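Visitor: Quick paste of what Swiss-Prot says about this protein:
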- Cys51-Cys66: disulfide bond (DISULFID)
- Cys55-Cys73: disulfide bond (DISULFID)
- Cys67-Cys74: disulfide bond (DISULFID)
- Gln20: pyrrolidone carboxylic acid (MOD_RES)
- Ser81: serine amide (MOD_RES)
- 1-19: signal peptide (SIGNAL)
Amino acid sequence: MRLVACLVFLASFALVCQGQVYKGGYTRPIPRPPPFVRPLPGGPIGPYNGCPISCRGISFSQARSCCSRLGRCCHVGKGYSG
């Protein structure tokens, strides 16, 4: 009897959740960019290692490369760490 009551509860809960999802137009989670690399606009490139002197003016892929190769990672509003 408990099993039947539990199954009825779960089935009704699933139907309610499906209705909420459909009403809200929810499709899937929104992907977020990695928190360690967020390039900011404007800035020079360092002469020897190919990584910028500051986090400004570099592409996302260049910032990720500098972070993985040299441990110099850009943080929003803080510049480099490491």
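Please read every residue number as a count from 1 along the shown chain.
Cβ atoms here come from the backbone N, Cα and C positions, even for glycine.
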Visitor: Of the disulfide-bonded residues listed here (Cys55, Cys73, Cys74), which is spatially closest to Cys66 (disulfide bond) when Cα positions are compared?
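Guide: For Cys66 (disulfide bond), the closest Cα among Cys55, Cys73, Cys74 is found at Cys73.
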Visitor: Taking just the CA atoms, what is the gap between Cys67 (disulfide bond) and Cys73 (disulfide bond) in Å?
Guide: 4
